[in-house]
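For 1-23, the entry in TrEMBL reads signal peptide. Residues or ranges marked as transmembrane segment by TrEMBL: 165-187, 207-232, 244-267, 279-301, 321-348, 374-393, 763-783, 817-838, 858-880.
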Amino acid sequence: MRVIASFARARARAALAPLVALAVVAALATGLAAGVVGAVRAVEAAAVVAAIADAGGDRDRVVVRFDGDDPAAAAMPDAVAGALSALGAGGSLSTGSDAASGRLEYTVDPSRFTVDAAVALIVGLPDLGDEIEDRAGTEVQVSGGLRSTLLGQREGLEARRGPTAVGLAVFGLLAGVVVATVAVEPVRVRAGETRLLRARGARSRMLLGLTGVETVVCAGAGAAIGAVLGTLAVSAATGVVLEAWIGAAAAGVAVVIALASALIAAARGIRRRSARAEATAGVGLAVLATVLTGVALWQFVAAGTPVIEGANGATRMDPVVALAPALTLALAALLAVLAVTPLARVFARLLDRSRGLTPILPVRLVSRRPGRHALTTAVVAFAIGTITLAAAYQGTVSAVGDAPEALRVGADLRVTSLPEDADPAVVTGIEGVDAAMGVRSATARGADERVPVLAVDARELGEVMLDAGGAIDPADLGAALQVPTTGVAIPAGTEELSIDLTVAEPPLETGADGRPWQAAAPLVAVSVVLTAEDGRTAELWVANAEATEVSTESGTWAEYVTETEWTEVLALPDGGPWRVALVGAVNPRWGADADAVVELSTAAGPLDVSGYRLRSDAATVEPAADGLRFRLPAPGVEDPVTPYAVPGDTPSAAPAAITGGLAASLALEVGDVTSLQVPDFSGALDLEIVEVIPVLPGSPSGEGVLVDRAAAALVVGQPLAENEVWVATDDPVSVAEAVATELPGARTEAADHRSAAAAADTAWSFILAAAAAAVLALVVLVLRRTRSRADAREIALLAVLGAGRSGAKRVRVSEDLFALSMGVLGGLAAGAVTAWLVVPPLVRAAYVSVPDGFPIAVQADVLTFAGAVAATVAVFALVVGSVRAPSALSPLVREDE
């Protein structure tokens, strides 16, 4: 054993430089991995902590109540800590309360709180009371709203882990490749020695064992140091205590990769195969990698994010999908390596007639020995591609900004759930409201799906509706949806409107005694809907009866005394000028059919509405002088729908805008006419498609139909009162508070700007991965710059053969710079292709839910991107250009004698 140990030490000393390089690279890769993962987790945790801090009240804490006089009270803090640890959230909450008070309040500890702890608290807090009771042996009560706050953040946390995982996978793949490549160097350096030992009878098992031991020792020591330093650096920089298992996992993966690579290389060196077999194996491996990359990319395109939702609603991380962008980048970098040789040959032919050693000789050297530069080209291409991907992701998510939230809400502030007796006009008078728009939201029944319908005040659309990041132009949409003014105009300055109602007496009936008797005239209610030039509406009601409240022991009800002729003069609302948009009549009580004539007049004379026509078959209407005769059947329900007559020149279909996805599913295009059954509108809504838009702000899914409320009311033949009010304001918080005061019970909704900030934070995984990739590539270039004896001999031969020391150095630097430039160009192309494929779906995932119709174009800050690439390439070029010619040429030249 002593002899073997001495031999192993001597063998390691012979390859000391590659082994030290392996330890350094393992330490750097592990430290960077732990640092990147820790920094990303710190950013995620900070976003959750900020959301919890903004929750207010008791929604940021967990309260444990118990009997402070109980002997077990003193041990309650330990019991709670143990229960939290059992739930997987140990150390994430802290308390400053005294157990003697019988109340312990636990709040988030920012230095130890993680996303994993948040998920554990969501799952485990309902069982926290039982866990504490089992440990403390006494009854406790657990309250507080921390879990509800975390539940509100859960969907976003899980969704944003997809882009984060992709960024980490990109760096992880590069780090693994670099560690594997450096681990092979000690084996390659001692290839001749290994063959000599085999010729002298050394056993393969012993050689593989020695290779494994020295690899584990060197890589393990370096990885352990790197993990510790990376963990400490993250804690010092962010103030977050990183879990020890992260550094340990990174170190373990680095050691396994290094060991596997070294053993495979050693085994191949011991059992040498023919060049054809090696080439066949290499081609097969490349084909297999290409197929795997294609499958992974196909799954990524289908899923859009590595976070996959299962049938039970639980989410999981798909590692294949997470690795797809990294594999795509690696495959593109490999193609860049393969393109170096043919491109170098093309340049060599172009420079065939040039004089001097440069640039023709360096280009020829690159074309004739591509293997020497394969690692340099691949690593540089991967690093530049990662920078390109990071710039594209960061630029795209910054360009999207708050647009998804604007798309979800539709306006600066949205007031919904209006009380039945609320006056939506109150919102317009609130201080801070720049503009307000009434909206009637409804749902139509389609053949296979429900279709959201937004009936809006089109004249206010450009002032109120948000453009969803430039996806639509609300002002142009509003102009396209408006219809020409229709209906009988009420003279300007008119203050009152007279409504004359004449109801025909029912026919004589014969009583039980055989004598005829006259029934009272049926009750008829008349509705007149007015519209103003600015889109405002008003409704006036008249009935041919006086109601008297009757109270008895059985209850209270209303008795109506009807008249056959009824005239009522009503004051017109402020504003105007007004037009008569709809005239309706209904027989609201059980009884006989009704025949009623409705006439309208002002001080200036009668208003001729005889040309109005019904839109429904619930009744019949015909002209009666300047008025309308309604023939109303006896109602078969307690609250019948009022049939309305509309002006004769009303369009048969209302202009509408429809989203592209919905138009495709319904096979509609501009110019088509369709009919939607909207139960909330009590009739069919006929629409003419005038615009196809990518998305519809304010719709739950981003899909739907947009129509002018006044035009829809005319087509349906029913007044469409708003059930929402959309507000344009610079201060949605203050306006929301005022709305809560003026309209109790109404709900308000505004864009959540934290959503955009949280989505932008996912770019840190790509930025840190790009920085770490550049550092790893720099280390590889430094290691490749270190001259071997063969490199030094080649430079010496060039110098002796007439190039001189400076000329020989220039040839070597030019050769390496050409390979470097090929890597840079390949990296730019690889990064651009990968970004085009993966950035849009990843940005959608970062915002949790963005409709497919929402356009996301890949963008980047050109100046920042160009600066980052230029700085990185400049550093790489400085390292490559720092090669020096050997000081003593003769010993190197005579080594082969």
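Positions of Cβ are set from backbone N, Cα and C atoms, glycine also.
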* At least three Cβ pairs under 8 Å linking the transmembrane segment (244-267) and the transmembrane segment (817-838), pairs spaced 6 or more in sequence? -> no
* Structure fact -> Beyond a gap of at least 6 residues from its ends, the CB atoms lying under 8 Å from the transmembrane segment (763-783) belong to 21, 24-25, 28-29, 32-33, 35-36, 39-40, 43, 163-168, 170-171, 174-175, 178, 181-182, 375-376, 379-380, 382-383, 386-387, 389-391, 393-394, 397-398, 868, 872, 875-876, 879-880
* Structure fact -> Contact set of the transmembrane segment (321-348) with the rest of its chain, CB cutoff 8 A exclusive, min separation 6+ beyond the ends, reads 162, 165-166, 169-170, 172-174, 177, 286, 289-290, 292-293, 296-297, 299-300, 303, 305-306, 308, 359-360, 363-364, 366-367, 370, 373-374, 377-378, 381-382, 385-386, 389, 818-819, 822-823, 825-827, 829-831, 833-834, 837-838
* To do: Decide whether the stretches the transmembrane segment (858-880) and the transmembrane segment (374-393) have at least 3 CB pairs under 8 angstroms, with pairs required to be 6 or more apart in sequence.
  => yes
* **Among the ranges 165-187, 207-232, 817-838, the one whose Cβ pairs under 8 Å to the transmembrane segment (374-393) are most numerous** => 817-838
* **Intrachain residues whose Cβ lies under 8 Å of the transmembrane segment (207-232), provided they are six or more past its termini** => 8, 11-12, 19-20, 22-35, 38, 179, 183, 186-187, 194, 197-198, 242, 244, 246-248, 250-252, 254-255, 258-259, 262-263, 266-267, 270
